[in-house]
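Per TrEMBL, the features are:
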{"type": "ACT_SITE", "residues": "D261", "note": "active site, proton acceptor"}
{"type": "BINDING", "residues": "G142, R205, G206, G230, D231, G232, T233", "note": "ATP binding site"}
{"type": "BINDING", "residues": "D231", "note": "Mg(2+) binding site"}
{"type": "BINDING", "residues": "T259, I260, D261, M304, G305, R306, E360, Y417, M418, I419, R420", "note": "substrate binding site"}
{"type": "DOMAIN", "residues": "134-441", "note": "domain 'Phosphofructokinase'"}
{"type": "REGION", "residues": "499-527", "note": "region 'Disordered'"}
{"type": "SITE", "residues": "G232", "note": "site 'Important for substrate specificity'"}
Amino acid sequence: MGSLEAATVLVAPAPVVTTPPAQHKVFELKASYAPAAKSVPASKPKPAKKKLAGGCGGYVLEDVPHLTDYLPELKSYPNPLQDHPAYSVVKQYFVNPDDTVSKKIVVHKSSARGTHFRRAGPRQRVYFQPGEVRAAIVTCGGLCPGLNTVIRELVCGLHDMYGVTSVVGIEGGYRGFYARNTVDLTPRSVNDIHKRGGTVLGTSRGGQDTAKIVDSVHDRGINQVYVIGGDGTQKGAASIADEVQRRGLKCAVVGVPKTIDNDIAVIDKSFGFDTAVEEAQRAINAAHVEAESAENGVGVVKLMGRNSGFIAMYATLASRDVDCCLIPESPFFMEGKGGLLEFVEKRLRDNGHMVIVVAEGAGQDLIAKSMHFADTHDASGNKLLLDVGLWLSHKIKEHFKRKPGFPITLKYIDPTYMIRAVPSNASDNVYCTLLAHSALHGAMAGYTGFTVAPVNGRHAYIPFYRITEKQNKVVITDRMWARVLCSTNQPCFLSHEDVERAGQEEEEPHLPNIEGENSLVLKSPPL
């Protein structure tokens with residue numbers, strides 16, 4: 001790991017305080033609290049300070065903030081789980097304070113131990129008593145299967161494991177903190193919400209007014225905030241955590257990462273992704289049936305994937321009916337030798353039908369050039385995408401109109417929003433439960449300013465800056481992808497430079513610069 005920059009602070013793990021110091025009511029956020037200084041706006045965001053701890057053999061712990069970092073006299077209490085009949089019988093249920101999770105598990109004999117994150121799970125000491133906790137849950141950004149499951153398990157977990165009875169939902173995203181009333185959440189009220197798609201709390205994009213949000217948190221006596229959302233939402237949560245610390249409030253801010261595109265860095269995967277891939281199979285199967293049943297049939301399916309093509313890639317590999325997969329990471333071209341239109345024509349002549357899967361973010365530069373379209377953005381700052389599926393379908397139809405005696409039948413299927421509006425499947429339900437429990441364990445233990453997710457199969461507490469500094473993308477030269485493609489007899493067209501680069505990538509894989517004839521085309525074996 002490189003040298004520690006000026007914004008880095010070296011601190012030891014959070015201390016455990018067992019003696020009761022003098023209590024400061026302004027920090028406890030009980031009935032009598034000092035009014036918030038509403039006239040003071042939130043300070044401008046500064047580069048995130050990294051809480052690092054070193055060890056032997058090149059070991060580095062990228063730790064997360066703790067309430068005792070700025071409230072050093074905060075009192076701790078025995079974890080009530082030690083007396084809980086369902087947990088007290090389990091030996092070594094509590095996480096060892098020195099347990100960490102390695103960011104990288106494939107190493108050489110001479111490699112340094114590398115970067116680690118604090119392991120998630122219940123601690124022997126907690127910094128909140130059940131009766132003082134007033135937790136708030138908010139969902140932001142786009143929909144994703146599993147949102148309601150996370151909400152349910154946060155509410156039920158706080159109640160059943162820690163005896164917390166005061167949990168409120170913030171309606172309508174971040175704006176709900178200062179523009180809407182809260183809704184009380186109880187185990188009974190959330191009992192069956194996991195069977196529904198969407199989010200019972202509602203959601204929105206934007207509305208990130210940090211000063212107003214923290215004012216509302218203080219005024220409502222909230223001391224645990226659980227934020228469920230993507231990278232933009234997690235950036236907002238990081239700003240809230242910083243402002244809470246600046247004001248010296250006893251309030252834990254915890255993120256649960258959510259993106260259907262699976263493009264959050266560091267973590268193994270995001271919840272809802274498995275459900276989305278499974279649901280996408282329905283659309284691909286329908287496209288294949290339509291294409292196979294017609295003369296020179298072409299099925300085009302557009303799937304979600306703004307900047308990364310994980311859903312399209314996994315759905316393609318799972319289906320085995322897809323002839324061509326187009327993803328944002330691999331620019332392609334339409335006309336000329338080696339172009340997509342030539343491939344479509346050849347496939348139809350050889351097989352009589354074909355299926356194309358395209359991620360929504362693929363080919364955006366080509367569309368913008370052909371339509372002279374200027375970039376626009378939504379409330380979250382995301383670039384508004386043009387409909388690549390419609391554009392691609394039109395281009396294919398126009399191409400074959402110029403081919404006398406070569407009629408085609410093209411069917412375009414767009415299940416984009418259908419696959420994200422369904423309830424989560426069994427796998428994602430279990431995953432959402434583990435995420436929610438890891439999050440609330442961390443908050444009760446006094447950790448703040450972190451997001452929770454599995455890293456190499458182990459749940460960990462990850463600093464906000466780690467998952468917001470860059471997006472996760474498909475590495476199309478990765479050995480694992482090459483192995484999957486080869487095992488399924490699917491040829492992968494890459495340049496010689498890309499193949500050589502794939503053999504050299506050991507540390508941090510990067511995306512190849514693929515242009516023109518070096519485009520990636522994934523093709524299924526002939527039927």
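Note that Cβ sites are derived from N, Cα and C of the backbone, with glycine treated the same way.
Automatic prediction, not curation, is the source of TrEMBL annotations.
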Whole-number Å value for how far G230 (ATP binding site) lies from R420 (substrate binding site) (Cα to Cα): 14
Which recorded positions sit within 10 Å of G305 (substrate binding site) - Cα, from R205, G206, G230, D231, D261: D261
Maximum Cα-Cα separation in Å among residues G142, R205, G206, G230, D231, G232, T233, which the record lists as binding ATP: 12
Spatial neighbour of M418 (substrate binding site) that is closest, considering only the binding-site residues G142, R205, D231, G232, T233 and their CA atoms: G142
Inter-residue Cα distance where the pair is T259 (substrate binding site) and G232 (ATP binding site), in Å: 10
Whole-number Å value of the largest CA-CA distance among T259, I260, D261, M304, G305, R306, E360, Y417, M418, I419, R420, listed as substrate-binding: 16
Integer Å distance between the CA atoms belonging to G142 (ATP binding site) and E360 (substrate binding site): 15
G230 (ATP binding site) and T259 (substrate binding site), Cα-Cα, nearest whole angstrom: 5
Around the Cβ of G142 (ATP binding site), the count of other Cβ atoms that are within 10 Å: 21
Inter-residue Cα distance where the pair is D261 (active site, proton acceptor) and G206 (ATP binding site), in Å: 19
Integer Å distance between the CA atoms belonging to D261 (active site, proton acceptor) and R205 (ATP binding site): 17
Cβ neighbour count within 10 Å of T233 (ATP binding site): 29
